[in-house]
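What TrEMBL records for 6-24, 36-54, 66-88, 100-120, 126-146, 167-192, 198-216, 223-246, 280-302 is transmembrane segment.
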């Protein structure tokens, strides 16, 4: 129990203090959310991805273990979402939102800061989350976008969204520089380290700003089930898969924690952009983010007991 409260105070509390600052400051000064989003996506995340991959000693075997796990885990969640949508007899738009809420998680400006705190002394743990985040980015702009715009599906738009994402290129560069031990000049490395260090507070401030004006206007079984699926059922399925695949150590710990994060803000943004039940999508993000205080703390605690 001491470990549980230690995680709550040392990992989760700092995250939510920074989110709270984002909520407070956005309500006071009304930030431009699109600008904040672009700063995170096109400036902070690519640098964080590059720096952590460059510094990591991630074994290729571990990389392919992560890839294999994420592929199987994502397919399981997709099938689960499709089956539950049929059972609940949801219409096309609500089905898209429900499936996205189960499969897409906030692995960027929530998951990565949490992983940075959990694995502060272990770059491999952070690198695992970066690989997961990259896979989630790909799934978001393929599966997630397809769900949301299924009525007006445009292959070229999806291809453009994937190709213009700088995180993919940052990862490729980080991998090449790491593999071939390419030295980086000090005058370049110092700014990169500075940006990397600034990611956690800015990303969480941006997340706070994004949920600052969301409100809970409805609660129904579909919304409740989507939240339970994201916060409880998904980590349970991940744990079962970890044991089936025989994973252990920091790999198992990182993947279990990565499976527990709240619903992706991108799913709410897509729902708003294409007017597909945006209230439902926004409330799923809000509720899962709030209750992740308890659930993510519990999963981190469990991961340290089982694999730490």
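Indices start at 1 and increase along the chain as displayed.
Positions of Cβ are set from backbone N, Cα and C atoms, glycine also.
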If we call contact 3 or more Cβ pairs under 8 Å (sequence gap 6 or more), are the transmembrane segment (36-54) and the transmembrane segment (126-146) touching?
yes
For the transmembrane segment (280-302) and the transmembrane segment (198-216), does the number of C-beta pairs under 8 Å, pairs 6 or more apart in sequence, reach 3 or more?
yes
Can you work out which residues elsewhere in the same chain, 6+ from the ends of the transmembrane segment (167-192), have a Cβ less than 8 Å from its Cβ atoms?
41, 45-47, 49-56, 130-131, 133-134, 137-138
Excluding the flanking five residues on each side, which residues at least 6 beyond the ends of the transmembrane segment (223-246) place their CB within less than 8 Å of a CB in that stretch?
65, 68-69, 72-73, 76-77, 80-81, 84, 88, 97-98, 101-102, 105, 252, 255-256, 259-260, 262-263, 280, 283-284, 287-288, 291-292, 295, 299, 302
Near the transmembrane segment (66-88), which same-chain residues lie under 8 Å Cβ to Cβ, leaving out any that are not at least 6 residues past its ends?
94-95, 98-99, 102-103, 128, 131-132, 135, 139, 143, 221-222, 225, 229, 233-234, 237-238, 241-242, 245, 247, 251, 255, 259
